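As given in TrEMBL:
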DOMAIN    300-415  domain 'FAD-binding FR-type'
TRANSMEM  7-27  transmembrane segment
TRANSMEM  56-77  transmembrane segment
TRANSMEM  98-127  transmembrane segment
TRANSMEM  155-175  transmembrane segment
TRANSMEM  196-216  transmembrane segment
TRANSMEM  236-253  transmembrane segment
TRANSMEM  265-282  transmembrane segment
TRANSMEM  422-442  transmembrane segment
TRANSMEM  534-560  transmembrane segment
TRANSMEM  593-613  transmembrane segment
TRANSMEM  662-680  transmembrane segment
Amino acid sequence: MAKVMTLLVLRILMNLLFISWIALWIFKPTTLWTQSWHQAEDTIKHTFFGYYGLNFAVFSFPPIALSIIGLVYLSLLPQHHRPTRGGRSASIPVSRPAIINSFIGIVSCFEIIALLLFLLFLAWTFYVRVTNDFKKLTPVKNMDFNLWQLKYYRVATRFGLLAEACLSLLLFPVLRGLSMFRLLNIQFAASVKYHVWLGTGLIFFSLVHGGSTLFIWTITHHIEEEIWKWQRTGRVYIAGLISLIVGLLMWITSLPQVRRKKFEVFYYTHHLYIVFLVAFLFHAGDRHFYWVLPGIFLFGLDKILRIVQSRSESCILSARLFSCKAIELVLPKDPRLSYAPSSFIFVNIPVISQFQWHPFSITSSSSVDKHTLSVMIKCEGEWTNSVYNKVEEAANSENKIAIRVEGPYGPASVDFLRYDNLFLVAGGIGITPFLSILHELACKNRLKAPKRVQLVFAVRTFQDLNMLLPISSILFNPVNNLSLKLKVYVTQEKKHSNETRTLQEFLAQSQVQSIHFGTEEDYSRFPIRGPESFIRLATLVIITMLTFLGFLIGLSHFFIPTEHKSQSQSMKLATSGAMKTAKEKVPSWIPDLVIIVSYVKAITIGGLAARFLQWRQQHSKAPGMSKEVEPEERNLTELIPVAQIEEHEIHIGERPKLEGTLLINTIIFLSIIMSIRFNLFL
């Protein structure tokens, strides 16, 4: 009861924080907010916290606090949030797909509503800002603009605020360990499209903002004197130009036409985000930066935590080479590491590349395989073919292959267990998430689990059927009251009149090479331990946030002197123009450097704290780790066979026809028709 009440309180707190943050976005452009905010800054700037502490508390703290509370909330949920009998929740209509398109992917009603609300907010912000600007037009210092030029210049400036709004949300969708989207059960592969949408909006508004400003300067002959000016206070225009050029370069190299053909170009170019963000800070100033700081703060900490986790090397225990140029890798894992079906990991093999990380779906189930973790890779590119070749070479030389792993990442809840019937559709290597789902369904009796599963699997050639071998024991020895029907479509083979082989005969004739590298000692020496627990992640966020705030206030007091006068006297003198505030006495780039130094120190301390926790985990005693039987053998001996199996179908030279197959309200259509090559989403 106490746990339920705690979860309820945390949920209320998260809702209140989120609503407050949204309200802040809505009221910030208004005149009432501007006047109230100036009064608040004047009141607090002479205190210990200063204007920088106030800006952080109001603009930066709410999303960070939401992340902390969300992590605590997730830590209190049952493992994978498994439903129980009678615990089925109704499907939310707005979460169902509304648009399915090869260009934009799958878009739900909820996403369309959220996008329209965000566009409405941008229109509201632009309208209020421009209306207020036109009511009190004032000449720009040192520039002779006529009326239309001045109005156009103000409009161009306000487009910069729209770009800033996109930037403030840009990095939230690409968080992994600290992702808040898991509270909505949105996985990383789905949330990346929000990053793409926001990035496109950011570049569009930045181009209008920067291009219009340069246009006005050009026709008024001020471009040469303004573009290179690094003024003591105010906007640094050359920094804005650098930010625009770098952002445009990152956006161009992220287009599908470039990313899919030259992934390395996209990957390395995207690391210019550091230059982009620093240039934005010097261009917009520290007060604007607090608005976009939460995403940058969480992204930096998330990045450093992933680096800490990926420093630990593991090794490949065994591999299976399939004739379809696919390879299955078996890796050791800590028996305490549990993950939900359809989770994925990022893999780096140093002998191939020190810097390339590629994501792959996990094909095993932590409920079945306590000591190992498996992934399947289809060799379709330079890196994946190199993996295949290295494994073949290592088989002849009997050398171990070192591997680094980041993750697993996956859903916080196992939604498919809520349904009585599943209809699964996969094409090619897109079968991999379903392999883990089927292992999970067949592993043991559950209070609530689907009773009937139909899998439609489309491949090009007979050799591609090898990818079904990891679940062969489930296909031909049904278990756990699970009725499984498989329909296979081999699209690019021709059916011969005398072709009578069954699916089981096709799999029995498959050419598979099994290679073993590891020993029993490797299970305990190189286990994959996974990311930190939710409660430890929340602790690390708190430590890093307090460190940042401490350095921010301390360095600001040292480099930005505070006026030691009474508040009323200071405000009176400032109004009369007899004195300048402390902020105005120092160059505008000094507060920017204070933010950068505070951020770097805080993220570094957060990384050191994470490394200490990892060291403690590595030296803690785990349950006995010894080599187990192969997953295929274990499935045959431990799983309990039940009723007679349904005969699987194989269709040669045909494509699946799904029209009329789906029954409304009786099945869930898990449309994961994709090759799990997550590098297409990065």
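Any Cβ shown, glycine's included, is placed from N, Cα and C.
Outside the transmembrane segment (155-175), and at least 6 residues removed from its termini, the chain residues within Cβ reach (under 8 Å) are 25, 63, 121-122, 125-126, 129-130, 133, 181, 188, 191-195, 198-199, 201-202, 205-206, 208-209, 212-213, 216, 280, 284, 288, 291-292, 294-296, 298-299, 302. Stretch with the largest number of CB pairs closer than 8 A to the transmembrane segment (534-560), among 56-77, 98-127, 196-216: 56-77.
Through the fold, the transmembrane segment (56-77) approaches residues 3, 6-7, 10-11, 13-14, 17-18, 20-21, 24, 49, 172, 178, 180, 182-183, 290-291, 293-295, 297-298, 412-413, 533-535, 537-538, 541-542, 545, 549, 552 of its own chain, all at least 6 residues removed from its boundaries and within a Cβ separation under 8 Å. Residues of the same chain lying 6 or more positions beyond the ends of the transmembrane segment (265-282) and with a Cβ under 8 Å from any Cβ of it are 167, 236, 239-240, 242-243, 246-247, 249-250, 253-254, 258-259, 289, 292, 296, 356, 589, 592, 595-596, 682.
Long-range contacts of the transmembrane segment (593-613) within the same chain: residues 52, 278, 281, 286, 289, 293, 296-297, 300-301, 304-305, 307-308, 532, 536, 540-541, 543-545, 547-548, 551-552, 555-556, 559-560, each at least 6 residues beyond the stretch ends and with a Cβ under 8 Å from a Cβ of the stretch. For the domain 'FAD-binding FR-type' (300-415), the DSSP counts in helix, strand and coil order read 28 helix, 41 strand, 47 coil.
Mean pLDDT for the domain 'FAD-binding FR-type' (300-415) in this predicted model: 87. A Cβ distance under 8 Å defines the sequence-distant neighbours of the transmembrane segment (98-127), meaning residues of its chain 6+ beyond its ends; these are 25-26, 28-29, 92, 158-159, 161-162, 165, 193, 197, 671.
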